[in-house]
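Only one structure is covered here, and it is reproduced in the block below.
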Amino acid sequence: MAIANKNIIFVAGLGGIGLDTSREIVKSGPKNLVILDRIDNPTAIAELKAINPKVTVTFYPYDVTVPVAETTKLLKTIFAQLKTVDLLINGAGILDDHQIERTIAVNFTGTVNTTTAIMEFWDKRKGGPGGVIANICSVTGFNAIYQVPVYSASKAAALSFTNSLARLAPITGVTAYSINPGITRTPLVHKFNSWLDVEPRVGELLLEHPTQTTLECAQNFVKAIEANKNGAIWQLDLGQLIAVEWTKHWDSHI
């Protein structure tokens, strides 16, 4: 999907990977970039507008843990303004295994709820035009960082949800793919809490191994958007974009 002249909603587009990805997106010339984020960062919004003045960049405060009805209300406002939305990026995430309920609420339930809300406007069974969803998951959805099992499980759940969305595309008209970054140098990974403090130095230990920058991740994210492959499981690691072939161990046969 060419980004030029498209309308894009980016949930958590001001975070570490999110902000660099927003920068790369506006360089590609969408018509509108609507950022929904819990963090209000007027400086970042002004920077994005300055990168490409032809792009309309809009910010709305948004917490992914709110009920679906509240998200639907916000999306109604956005759709009334833009008329159409081409791409939804779900990027909210936290890494803190002390906060069990919030980790699941942000990393998994928030993605499900935001997706559910936009179906009101996109689902072809309701006369909608369809759309594209890019969910930021994690390589920990493939193999856990076992010292943060809650985080890893929440990302595995988001990945499974995304894979199902892709399979449902013939019914809903909405396609989906997952973005799975490897260890990326962001404030998120410099210091965080392991589950039951099983490894106090888990962040430091991860950074002893090869990592990637947020810019490298963002540039590959844009490539994945442009590829626009329904059901793709993209691994963004060490500056590379890799299409992961998922191994099927069981099938429901329905």
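Using N, Cα and C of the backbone, Cβ positions are placed for all residues, glycine too.
Predicted, not measured: the structure shown is a model, and the values here were computed from it.
The annotation active site, proton acceptor is assigned in Swiss-Prot to Tyr151. For the recorded site, Tyr151 (active site, proton acceptor), the DSSP three-state label reads helix. Cβ neighbour count for Tyr151 (active site, proton acceptor) (all protein chains, 10 Å cutoff from its Cβ): 28.
Gly16 (NAD(+) binding site): 19 other CB atoms within 10 A of its CB, across all protein chains. DSSP gives Gly16 (NAD(+) binding site) a helix state. Taken from Swiss-Prot, the feature NAD(+) binding site applies to 10-33, supported by similarity to another entry.
If you look up Swiss-Prot, you'll see Ser138 marked as substrate binding site, on the strength of similarity to another entry. Remark: Ser138 (substrate binding site) has Gly93, Tyr151, Ser152, Lys155, Ala158, Leu159, Asn180, Pro181 as non-local neighbours, by Cβ distance under 8 Å and separation of at least 6 in sequence.
It is Ile25 that, of the binding-site residues Leu19, Ile25, has its Cβ surrounded by the most other Cβ atoms within 10 Å. Here Gly13 (NAD(+) binding site) comes close to Leu19, Thr21, Ser22, Leu33, Ile35, Leu36, Asp37, Ile89, Gly91: these same-chain residues lie at least six apart in sequence, with C-beta atoms under 8 angstroms from its C-beta. Shown are the binding-site residues Ser22, Ser28; the one with the most C-beta atoms within 10 angstroms of its own C-beta is Ser22.
Residue environment of Phe10 (NAD(+) binding site) contains 25 other Cβ atoms, counted within 10 Å of its Cβ in all protein chains.
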